[in-house]
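Quick look at what TrEMBL lists:
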- Asp38: active site (ACT_SITE)
- Asn86: active site, proton acceptor (ACT_SITE)
- Asp38, Glu225: Mg(2+) binding site (BINDING)
- 39-43, Arg51, His55, 83-85, Trp87, Arg89, Arg206, 212-214: substrate binding site (BINDING)
Amino acid sequence: MFNKIRPWKNQKNSSTLREKIEKVKKLPVPEHVAIIMDGNGRWAKKRALPRIAGHHEGMKVVRKTTRLASKLGIKTLTLYAFSTENWKRPKNEVEYIMKLPEEFLGTFLPELIEENVQVKMMGYKDQLPVHTLRAIERAIEDTKNNTGLVLNFALNYGSRAEILDAVKQVINDCKSGIMKENELDEKVFSSYLMTSNIADPDLLIRTSGEIRLSNFMLWQLAYTEFWFTEVLWPDFNEDHLLEAIKDFQNRQRRFGGVK
Ligand code: IPE
Ligand code: IPE
Ligand code: MG
């Protein structure tokens, strides 16, 4: 449906892209990249389009970014798609966003399966519309045995609620004797979070020029490298991701120690 225009130009692009990928892969790439995909509304506004047009365009970028992450050998790509606070938005916008997983997976799932991508989701499933949840659970089920890139959608996700729920669960497990209080350490506590089987992000990207976390992975980002760009999410492309990774490769991570 898409990408029908200018096949020659695309071909030329893909060969230069391949070279760029190979160059970046000469140094270690971050294993877990997390992205706060922001700026869809402003992208639409700049074009005098409704906000939902920005979300639709942003969905195409999810596709491109997933493909590139897979080619780069990134192990996990976490994408912040909808926060627990985003329910405050106009009803029609929320309804539209909740239809996007079906649309995205409806066309992209066969490719994800083919590319050995494993789909995961973190967030509160209970409040999601049935049709949204069904599309996601199908993708999770159909890709559960895949061993390549983990594509982890943060959908109806909020970090404070996540941490608070973990605390409550820890209290319950102590009360019922499943766990002893003195056994609780950072590693054990991490296992109570929605990311229990996922390593902390190495690189966090936020688009659209906002320099904040907006309730995203507050515990997990403790030692993550941050990369911010003014680029709006629908304008985010392969070169931007490669630029972020190259920047990451020049950082010195010390984790509190000395180099
Ligand atoms: C990010 O784009 C997508 C979601 C939060 C769902 P926004 O919709 O926040 O775009 P801006 O920030 O209003 O431009
Ligand atoms: C964060 O963006 C959530 C997602 C990208 C899904 P927001 O646009 O909701 O964040 P704020 O409101 O500007 O902090
Ligand atoms: Mg925003």
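Placement of Cβ uses the backbone N, Cα and C atoms for every residue, glycine included.
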Problem - Candidates near ligand 3 among the recorded positions Asp38, Arg206, Glu225, judged by a Cβ under 6 angstroms - result: Asp38
Practice task
Just name the most isolated of the binding-site residues Gly39, Gly41, going by other Cβ atoms within 10 Å of its Cβ.
Solution key: Gly41
Exercise for the section: Sorry to bug you, but what's the C-alpha spacing from Glu225 (Mg(2+) binding site) to Thr84 (substrate binding site), rounded to the closest Å? Expected result: 24
Exercise for the section: List the same-chain residues at least 6 positions away in sequence whose Cβ sits under 8 Å from the Cβ of Trp87 (substrate binding site), in sequence order, or say none. Expected result: Val94, Gln127
Practice task
Give me the Cα-Cα distance between Asp38 (active site) and Arg206 (substrate binding site), rounded to a whole Å.
Solution key: 7
Fill in the blank from the handout: Restricting the recorded positions Asp38, Trp87, Glu225 to those with Cβ under 6 angstroms from ligand 2 leaves Asp38
